[in-house]
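J.: Below, the features straight out of TrEMBL:
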type	residues	note
DISULFID	98-175	disulfide bond
DISULFID	119-158	disulfide bond
DISULFID	147-170	disulfide bond
DISULFID	188-265	disulfide bond
DISULFID	209-248	disulfide bond
DISULFID	237-260	disulfide bond
DISULFID	282-359	disulfide bond
DISULFID	303-342	disulfide bond
DISULFID	331-354	disulfide bond
DOMAIN	15-94	domain 'Kringle'
DOMAIN	97-175	domain 'Kringle'
DOMAIN	187-265	domain 'Kringle'
DOMAIN	281-359	domain 'Kringle'
DOMAIN	391-470	domain 'Kringle'
DOMAIN	489-665	domain 'Peptidase S1'
REGION	365-387	region 'Disordered'
REGION	422-443	region 'Disordered'
């Protein structure tokens with residue numbers, strides 16, 4: 001960090017407790033009796049059992065009260081009194097019925113709005129559908145039907161039980177005590193710039209910022225009164241509502257708002273700096289050098305941003321570890337652990353290893369037991385993966401590599417390399433990738449009826465083998481795990497071959513690719529209606545599947561003619577294509593899962609788009625690519641600053657609101 005920048009201090013150091021205070025990271029350092037706390041790394045006057053070394057992620061800084069062992073009475077400390085080894089600290093609960101700032105940390109139990117409406121339960125979709133699902137957003141504490149502020153509004157709110165009123169603000173008084181402090185950053189910004197208090201007042205395009213207290217030319221609710229803790233002075237760039245980085249409304253009537261170009265502190269990358277995905281997302285050694293784009297743990301939890309203190313307070317920040325590339329919420333290993341890891345967005349699970357394979361292997365890091373008493377990691381040994389030959393076939397069995405070496409009639413197979421009793425066309429030398437090393441049943445010619453072999457019976461040159469079908473793959477479960485390339489990544493990522501086996505290529509009847517689609521049933525494809533503008537004749541199109549390249553040279557390729565085209569009757573941009581015959585479901589072709597009727601996609605859900613689209617010079621031309629982005633609650637998308645009520649109730653919003661690699665509705 002430069003000399004003229006403030007050193008990092010976690011935003012909003014709450015001097016109150018949530019639950020028993022295991023996540024308390026405040027600065028109280030006296031016990032209930034007023035005794036000063038002993039420093040956690042000191043050996044005098046008491047030799048402690050719990051130290052920063054034994055509990056490296058409990059943030060045992062200085063002599064602040066902490067609760068590293070889950071004490072039911074809350075935070076405590078060793079004392080400087082030789083006659084009193086340790087004592088609990090007197091820290092108030094956060095669950096008081098008042099709010100600080102804009103109520104982002106409000107955890108009270110008010111459940112009526114200022115308009116007199118009763119709040120709808122967050123886990124209910126009646127009477128109003130919404131994407132704020134408590135189980136998906138555990139860090140927002142969406143309990144019962146209590147008022148909360150999960151999306152950067154001026155104050156807590158809730159959906160109502162009244163059909164005519166979708167949502168309303170709640171009337172919660174501001175606390176009379178001083179609000180939590182924030183260490184100002186005067187010349188640069190960390191993370192999303194929430195703490196930036198500098199005096200830059202122009203946008204990235206050079207437009208002058210509008211004063212936050214003014215309503216001309218832009219009318220808005222981001223006022224100093226609504227956001228009292230956000231430093232909305234004059235017209236300086238700020239981030240009052242959890243945007244990606246500091247921004248402001250502009251004095252140009254044609255441009256409502258823009259981001260500002262705020263320098264980042266130290267070596268931390270800019271929050272809007274796009275990522276370039278590595279060709280292979282894996283790690284070597286202990287993963288300290290891993291710089292991939294994974295942001296999901298081994299159990300599927302989303303990673304917390306390294307610069308964020310919610311839901312877990314910590315000291316593994318970009319400022320403390322400037323060489324560890326702690327950007328965004330990407331998996332990293334800043335502290336020489338055994339593999340890349342991250343803090344999670346689940347308040348009940350502080351950290352986990354990440355879902356990343358070691359380079360050259362197919363094994364993931366062992367999943368640690370959830371840290372309950374201490375944060376010492378105790379990873380469990382992963383059971384060895386035993387690779388056994390599969391004695392069943394998928395689809396027509398072109399990829400069968402099992403040990404069966406007799407025909408269905410019980411005749412022993414001739415070795416593929418032998419020339420007696422029969423001369424052969426298919427040999428290991430002519431088809432080296434077909435598994436013809438011994439005399440096992442194979443299908444080197446992709447015979448639709450299954451594996452076969454030349455026989456040892458001079459009177460029977462060849463015959464089929466009896467190989468049972470493997471259990472049919474479940475929808476939405478590819479044999480090859482996708483990369484799941486998520487976030488602001490330049491041009492997306494090249495997908496792993498056949499990791500999106502429901503992806504189809506819609507082509508002209510001459511084989512020219514021009515659109516994509518999704519296999520939702522062995523005989524039905526879902527695509528966009530605008531892809532069919534050239535003709536409504538089924539004979540004008542072909543569907544390719546089981547391919548990874550646009551050239552479609554893969555032996556797993558399946559080609560189908562269309563029997564019928566069905567466009568959505570009301571004119572929505574969606575259509576169904578019925579194939580003349582069902583696709584063969586195998587490890588390279590399978591169906592995607594369809595949601596239940598009236599299913600609501602939760603806010604923040606990872607949405608992926610795949611295809612052979614325009615790469616704009618980012619590489620990967622002609623191969624399947626993928627990119628991911630979050631689903632955005634319609635309530636947020638419909639704000640005046642974004643889509644201004646253009647998103648209808650039956651539509652969904654996803655993507656990077658300010659622009660990105662794609663968007664969908």
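Cβ atoms are placed via backbone N, Cα and C, with glycine included.
Curation does not apply to TrEMBL; its annotations are automatic.
I'd like these features described in context: how deep, what's nearby, how far apart.
T.: In the three-state DSSP reading, residue 98 (disulfide bond) counts as coil.
Secondary structure at residue 119 (disulfide bond), as computed by DSSP, is strand.
Under the three-state DSSP scheme, residue 170 (disulfide bond) falls in the strand class.
DSSP assigns residue 188 (disulfide bond) to coil in the three-state reduction, placing it in neither a helix nor a strand.
Spatially close to residue 248 (disulfide bond) yet at least six residues away along the chain are 201, 203, 209, 210, 212, 235, 236, 237, 238, 257, 258, 260, judged by Cβ distances under 8 angstroms.
Following the DSSP three-state reduction, the secondary structure of residue 260 (disulfide bond) is strand.
All protein chains considered, the CB of residue 359 (disulfide bond) has 13 other CB atoms within 10 Å.
The local packing around residue 342 (disulfide bond), expressed as other Cβ atoms within 10 Å of its Cβ over all shown chains, amounts to 26.
Sequence-distant contacts of residue 331 (disulfide bond), defined as residues of its own chain at least six apart whose C-beta falls under 8 angstroms from its C-beta, comprise 290, 292, 294, 295, 296, 297, 303, 340, 341, 342, 354, 356.
For the domain 'Kringle' (15-94), the predicted model reports an average pLDDT of 90.
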J.: Looking only at the domain 'Kringle' (281-359), what are its DSSP counts of helix, strand and coil residues?
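T.: Taking the domain 'Kringle' (281-359) as a whole: 0 helix, 17 strand, 62 coil.
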J.: What count of other C-beta atoms do you get within 10 angstroms of the C-beta of residue 260 (disulfide bond), across all chains shown?
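T.: By my count, 23.
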J.: Among 97-175, 187-265, 281-359, 391-470, which stretch has the highest count of C-beta pairs below 8 Å with the domain 'Peptidase S1' (489-665)?
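T.: Going through each listed stretch, the top one turns out to be 97-175.
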J.: Of 119, 147, 170, which disulfide-bonded residues are close to residue 98 (disulfide bond), meaning a Cα within 10 Å of its Cα?
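T.: Within 10 Å Cα-Cα: none.
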J.: Near residue 158 (disulfide bond), meaning Cα within 10 Å, which of 147, 170, 175, 265, 282, 359 (disulfide-bonded residues)?
T.: 147, 170
J.: Give me the non-local Cβ neighbours of residue 119 (disulfide bond): same chain, 6+ apart in sequence, Cβ-Cβ under 8 Å, ordered along the sequence.
T.: 111, 112, 113, 145, 146, 147, 158, 159, 160, 161, 170
